[in-house]
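Copied over from TrEMBL:
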BINDING   77, 124  Mg(2+) 2 binding site
BINDING   77, 78, 79, 80, 81, 82, 123, 124  GTP binding site
BINDING   77, 78, 124  Mg(2+) 1 binding site
DOMAIN    54-183  domain 'tRNAHis guanylyltransferase catalytic'
DOMAIN    186-269  domain 'Thg1 C-terminal'
């Protein structure tokens with residue numbers, strides 16, 4: 001019996017048919033050793049690591065790209081080489097073998113870095129001049145100085161036995177490296193002139209100092225006291241008047257340092273002919289005056 005005040009609404013059967021909703025099965029993550037290892041591999045061993053959430057730390061790196069259109073000089077300098085030369089019994093005032101080893105290490109740097117157009121070395125230092133237009137390591141200062149310095153140091157150790165066959169390094173040598181920019185051709189020439197003038201001043205002092213000790217019988221303290229306040233002319237006079245040494249006839253490598261440049265030299269062929277090939281050569285010449293630069297004007301030309 002139908003209740004009072006109740007109305008029933010009848011609809012066709014096809015309108016009352018339910019439409020099923022298909023839901024995907026829920027993923028259940030089960031904690032297991034296998035699951036843990038997979039997550040670790042996907043997170044830390046993925047080829048897309050560069051796009052990880054940790055990539056933001058790169059923002060802390062400083063942009064140290066060198067200014068464009070400037071000469072880049074990387075200077076390598078021995079750290080604590082006064083002690084190193086004493087421990088390894090370098091000849092005084094100059095050890096030709098040690099200087100030749102420095103030249104060999106510098107040659108290795110120029111062989112690796114084709115954009116180094118010139119290198120200059122004296123004592124325990126070497127300066128490498130990169131062309132103005134170089135794009136080596138995107139001109140990043142730290143990359144240039146660290147790669148040049150590390151290669152120079154490793155080459156110094158690698159070739160040690162060729163120059164000191166009867167002795168081994170008693171401890172690893174250390175060199176530091178720095179990058180300096182010079183905007184003009186005159187600036188780079190003045191820099192190299194400064195280093196060669198430094199070579200002359202230091203070598204003249206050391207030659208006189210050690211001659212007073214080795215041939216004059218003075219103690220290091222007495223030799224230092226005798227040379228205090230002297231000028232270049234005074235030192236030349238001491239060498240010549242007391243020991244018969246004409247400083248101007250000393251080997252040019254000691255007085256002027258070493259310049260490394262690339263030159264085309266004739267190379268013999270198997271058939272008996274010759275052809276020109278670019279090679280790194282050592283020269284012991286004046287680079288303060290104009291003659292060297294007039295002869296090698298291509299070194300300051302931007303290609």
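Glycine is no exception: its Cβ is also placed from the backbone N, Cα and C atoms.
Geometry remark: residue 81 (GTP binding site) versus residue 124 (Mg(2+) 2 binding site), CA distance 7 Å.
Look at the Cβ of each of the binding-site residues 78, 80 and count the other Cβ atoms within 10 Å; the largest number goes with 78. Geometry remark: residue 79 (GTP binding site) versus residue 124 (Mg(2+) 2 binding site), CA distance 9 Å.
Apart from 77, 78, 79, 80, 81, 82, 123, 124, the residues listed for GTP, the same chain places the Cβ atoms of 84, 85, 125, 175 within 8 Å of the centroid of those Cβ atoms. In this structure, residue 78 (GTP binding site) is part of a beta strand by DSSP. Across the structure, residue 82 (GTP binding site) and residue 124 (Mg(2+) 2 binding site) are spaced 9 Å apart at their Cα atoms.
Within 10 Å of the C-beta of residue 77 (Mg(2+) 2 binding site) we count 16 further C-beta atoms, all protein chains included.
The two recorded residues, residue 77 (Mg(2+) 2 binding site) and residue 123 (GTP binding site), have Cα atoms 9 Å apart. Of the recorded residues, residue 80 (GTP binding site) and residue 124 (Mg(2+) 2 binding site) place their C-alpha atoms 10 Å from one another. Other C-beta atoms found within 10 angstroms of the C-beta of residue 123 (GTP binding site) number 21, with every protein chain shown included. Across the domain 'tRNAHis guanylyltransferase catalytic' (54-183), DSSP assigns 57 helix, 31 strand, 42 coil. In this structure, the C-alpha atom of residue 124 (Mg(2+) 2 binding site) lies 5 angstrom from that of residue 78 (GTP binding site). Residue density at residue 124 (Mg(2+) 2 binding site): 19 other Cβ atoms are found within 10 A of its Cβ, drawing on all protein chains shown.
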